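> Quick one: this structure, given as C-alpha cells, is what I'll be asking you about.
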Amino acid sequence: MSETFLRPKVSSTKVTDWVAPAFDDFEANTAITTITASSLTFSNSSHRRKYLPSTLESNRLSARKRGRLSLEQTHGLETSRERLSDNEPWVDKYKPETQHELAVHKKKIEEVETWLKAQVLEVKPKQGGSVLLITGPPGCGKTTTIKILSKELGIQVQEWVNPILPDFQKDDYKELLSLESNFSVVPYQSQIAVFNDFLLRATKYSKLQMLGDDLTTDKKIILVEELPNQFYRDPNALHEILRKHVQIGRCPLVFIVSDSVSGDNNQRLLFPRNIQEECSVSNISFNPVAPTIMMKFLNRIVTIEASKNGEKIIVPNKTSLELLCQGCSGDIRSAINSLQFSSSKGENSSWSKKKRMSLKSDAAISKSKQKKKHNSTLENQEIQAIGGKDVSLFLFRALGKILYCKRAPLTELDSPRLPAHLSEHDRDTLLVQPEEIVEMSHMPGDFFNLYLHQNYIDFFAEVDDLVPASEFLSFADILGGDWNTRSLLREYSTSVATRGVMHSNKARGFAHCQGGSSFRPLHKPQWFLIQKKYRENCLAAKALFVDFCLPALCLQTQLLPYLALLTIPMRNKAQISFIQDVGRLPLKRSFGRLKMEALTDRELGLIDPDSGDESPHSGGQPAQEAPGEPAQAAQNADPETWSLPLSQNSGSDLPASQPQPFSSKVDMEEEEEEEEDIIIEDYDSEET
C-alpha cells in the first residue's frame, strides 16, 4: 500500500486560518489573513475543513464585539459572578487571611512563628538547611498556619505538588517501540528523581513571579505536604535526601504529615527517631481544633451568610452547631462542609428534620420522665445525621478514659439503687462505653489488655480494690488464652478486663469522689521485652544442652536449677555462664526491675509480630526492631553454629542478650560475701 494512499496530499489552495489574530481589536478593518497550503497533510482533512467557516465567523464576531458590551450583558456577567460566589465552597470562601482568624491555639501559632524567625529570618550564612515536621489530625490548620505566617513575615513558599504522569496510549507505545523509531525506550523519570531535582532547583533558584506575587524578599521555605508514593515503599531514599539537604541546603524544608490511628503511622515510617536526631528535625504537633474555637468560627460564618443569603439558607440554632462541633472530631474543614451541606434549603434538609425530631423527642420525654437517657440517645443519632466523622482515639487517650473512669452523678429520675446486700457494687453511671473506647483505639483487645495490665495499679488508692481488679484481668486472660476460641472470645475478654478494672476502683466509683485526678504517666507493657528474653533463653538452652534431649521449658525450670547446685563438670564456659544466669537468682535489690518506656500521647501501640498479628505501623511487612518490641534475634544466627558439638562451642555462640562468662565471674565475686560460693568444676580430659 503506497504512502500517498495513506496520506493524500491536499491541492494547493487558500485555506482560511482558524486562529483569530491576537491584536484583532486594534485592526477592525483588517481582513483575515490566509495561508497557502501547498502540501498540507491531514488524516481527515475534509472532515476538519467542514467546520472551519462557522468557527471563523464566531471568532470574528466575538473579536469585534469584545470591547463594547451592552448593559444587559454586563448585568449578566455580574449575575454569573454572584452565582459562582454562592456556589463556592465555604471552606474556600471563608479561609483565614490573618493569624487572628486561624482556628488554632495561640501557643502552636507562636511555636511555628518562632521557628520561622529563627531558621529563616535570623539564619546565619553557610549554616545548612533545617527541617521542620508538622504533625496533627486532618483539618486542624497545619498548612493554613504555615502559609499565613509565611505571608505575614514576608517569606516565600515554594510548595511541592506531585506531578501527574502523562497517560500513554496504545498507539504511543507502538510508535515509540516501532522498528522505524529512533529510540526504543519509553521516556520516564522516577518520582524520587523528580523530587530530588525539585529540591535542588528550589534551593538554587528563586521562585518565578506570578500575577499578584510579591518577590521583594529572597527569604523562602520549601513546603512538602504530598510526598511521592515511592517514599512509603523505600523510606531510606527520603532519609538520604534529608541528610543531603541538611548539609548543602540553603532554605528550610517543612514537611506536613497528618496523624492516623487506623494503622498507617506515616510519621514513624518516614521520620523515625534516629533520623530526627541525626538531621536535627524540629517537630511541632498540632491538636484537634477545640470545640470553643470551632464554635466561634462557625458562628461567624453563619452570621455572615444569614446577613447576605438569609432567604437561601436555613440558619441553624446554637444546639445544632454544638452537635456539629461534637461530630466533626476537631476537623474544622469537615465541620464547615457539613454546615454548608446541612444549611441548604429544601424539603429534605437535615436541619428541618432535626427540628421535627426535637419536637417529637420533647413530647416523649415529658411522658416517660427519662429526659437524660433520651437526650443522650438523640444526640448520638443527630451527630451521625449531621455527617459526623468516625471518632478515633490514640492509645494514650483510650487508656486514660478507662483508667480515670469518669462518672456522671445519678438523679432521682434514674433507676433505683441496688438492694442492701448488693450495696458494695453500687456505682454512678459511666460517661463512656468501654467497648466503644477500645474500638476507637484500633487496637486488638488482647493487646489493649496488656497496656491496661501494665498501668492499672497506679490508679488505685486501696490494696483491697486491686484484688478484684487482678481477678478480672486473670479471667480475661483465661478467656483469650485458648487459641481455638480466641477469635470468638477476644471481644468478651476485653469487656471483662475494662469493665472489671473500672468497677473495682471504688475510689472512682462516684462522680463526687474521683480518687485524685492528677496526671499519671502511662508506660508500655514489659511483656514484650520479657517474651523476647524468654525466646532467646529457649534457643540458647536447646543449643547448649542438646545432649539432655529435653524441651526448653523443662531445661529452664527443672534441670538447670539443679545443675547450678550440683558439682557436675561442664564442657565449656558458655554452659557455665548460662547456668549461672538462669539457674539461680542473684541477691540484688534491683533484680527484676526493668526499665519502663513511657507511652506518648500520639504513639501507636506495639504489636508482637510473632503472635500472628501484623504490626499496625509496618503495612503488612515485618516490623523493625524497636525498644520494648519482641524480635527473633536468636533465630537470625547461623544455624550451623547451633548444630556444632558442645565441646566446640564457645561463649560467643550465645545470643547478644545472654551474659558472657567474664561478666558472670564479676557477678560471682560481688556476691561472695552474701552467699556461699557455687563450685562448678571444669571438664578436664587429661584426668579421665
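Just so you know, glycine gets a Cβ as well, placed from its N, Cα and C.
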> For the set SER495, SER643, SER647, SER664, say which residue Swiss-Prot annotates with phosphoserine.
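Going through SER495, SER643, SER647, SER664 one by one, Swiss-Prot annotates SER647 as phosphoserine.
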> Can you identify, from 17-25, 197-205, 287-295, 458-466, the stretch that Swiss-Prot calls motif 'RAD1-binding motif'?
17-25
> Going by what Swiss-Prot says, which of SER366, SER441, SER657 is noted as phosphoserine?
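Checked Swiss-Prot: the phosphoserine annotation sits on SER657.
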> Could you tell me which of the ranges 41-62, 63-84 is annotated in Swiss-Prot as region 'Disordered'?
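It is 63-84 that Swiss-Prot describes as region 'Disordered'.
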> Determine the Cβ neighbour count for GLY139 (ATP binding site): the number of other Cβ atoms within 10 Å of its Cβ.
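Excluding its own Cβ, the number within 10 Å is 23.
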> Based on Cβ atoms within 10 Å, give me the single least packed residue among the binding-site residues GLY136, PRO137, PRO138, GLY141.
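If we count Cβ atoms within 10 Å for the binding-site residues GLY136, PRO137, PRO138, GLY141, the smallest count is at PRO138.
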> By the count of other Cβ atoms within 10 Å, pick out the sparsest of the binding-site residues CYS140, LYS142, THR143.
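Counting other Cβ atoms within 10 Å of each of the binding-site residues CYS140, LYS142, THR143, the minimum falls on THR143.
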> Given the recorded ATP site (GLY136, PRO137, PRO138, GLY139, CYS140, GLY141, LYS142, THR143), which additional residues of the same chain have their Cβ within 8 Å of the Cβ centre, ordered by sequence?
SER258, PHE286, ASP331, ARG333
